[in-house]
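Feature annotations, reproduced from TrEMBL:
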DOMAIN    8-213  domain 'YjeF N-terminal'
BINDING   N57, N58, G59, G60, D61, G129, T130, G131, M132, S133, G134, K135, Y140, D158  (6S)-NADPHX binding site
BINDING   N58, D125, S161  K(+) binding site
Amino acid sequence: MEITVKQMMQIEENGHQMGFFRKLMMENAGAVTARHITERYHDLTSKKIIVFAGLGNNGGDAFVVARHLAAFGCTPTIILLGHPDKIKTEEARSNWKILEKMNSVNLILASAIDTITDGADVIVDGILGTGMSGKIREPYSSAIDLINQSNAFKFAVDVPSGLDPDTGIVNDKCVKVDITITFHKMKIGMPKNQDMCGKIIVEKIGIPPEAEIGVLL
Ligand SMILES: NC(=O)C1=CN([C@@H]2O[C@H](COP(=O)(O)OP(=O)(O)OC[C@H]3O[C@@H](n4cnc5c(N)ncnc54)[C@H](O)[C@@H]3O)[C@@H](O)[C@H]2O)[C@H](O)CC1
Ligand SMILES: [K+]
């Protein structure tokens, strides 16, 4: 079954109200994404992994991905596309705060990042997810271009950044990835743009089925 962004947000809210808080969803989303990366590269210690993170919960998921990858000894680099004070939600901010206490990750605030992807083996796109709207603003726009210029293997968190999840249309620009890990259920527009999404993997993140009552059921 495929769902709309509006339906996903309603299901998310219902789950949160049931006590399955967004922070738990974010942890599961990041953990399952990291698992797919570690399953592809059994020895991560020699891999250069760059994680791009926006200021919303797509970025929050990416913070969790980076923390889980660090446990596999790869020292990921996280590029935050904005100032930490502008991180939108408590669940994302709390995950950033954990990263700030870790020396097994490299944190970079988006400044001169034009060479950061040089030699990267893996890039994780946690820039924009279902909260994207309108023309892509800087520094997200330049980050998308930078990622697209790299020949690293690319994973998108939930949605390739720049893709409209409801239509599959790229209104401005979009990260073209090899694998998209999308959460809970397929978003209706994604199968319409396999070129940008690459292989799409749908992963459950623990949301109770009852959260769909009144939305899908
Ligand atoms: N589906 C689930 O159960 C869960 C999904 N999670 C993740 O949360 C994101 C959606 O998070 P949200 O904060 O709503 O939006 P985004 O992170 O996608 O983006 C918001 C962020 O980006 C800025 N922004 C929006 N449009 C633009 C633009 N055109 N140019 C530049 N910047 C833009 C906006 O200002 C915000 O700062 C979902 O995809 C999942 O990854 C949760 O983890 C919980 C479970
Ligand atoms: K993304």
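Any Cβ shown, glycine's included, is placed from N, Cα and C.
TrEMBL annotations: computationally assigned, not manually curated.
Ligand 1 lies under 6 Å from the Cβ of N58, T130, out of the binding-site residues N58, D125, T130, S161.
Taking a Cβ distance under 6 Å to any atom of ligand 2 as the criterion, the binding-site residues D61, M132, S161 reduce to S161. Here is what falls inside 10 Å of the CA of S161 (K(+) binding site) among the binding-site residues N57, D61, T130, M132, G134: T130, M132. Under the DSSP three-state reduction, D125 (K(+) binding site) is assigned to strand. The binding-site residues considered are N57, N58, T130, S161; of these, T130 has the fewest other C-beta atoms within 10 angstroms of its C-beta.
Across the domain 'YjeF N-terminal' (8-213), mean pLDDT in this model comes to 96. If you draw a 10 Å sphere around the CB of G59 ((6S)-NADPHX binding site), it holds 27 other CB atoms from the protein chains shown. Sequence-distant neighbours of M132 ((6S)-NADPHX binding site) (same chain, six or more apart, CB under 8 Å from its CB) are V159, S161, G162, D164, listed in sequence order. For D61 ((6S)-NADPHX binding site), the same-chain residues lying six or more positions away in sequence with a CB closer than 8 A to its CB are M26, A29, G30, T33, G126, G129, V157, D158.
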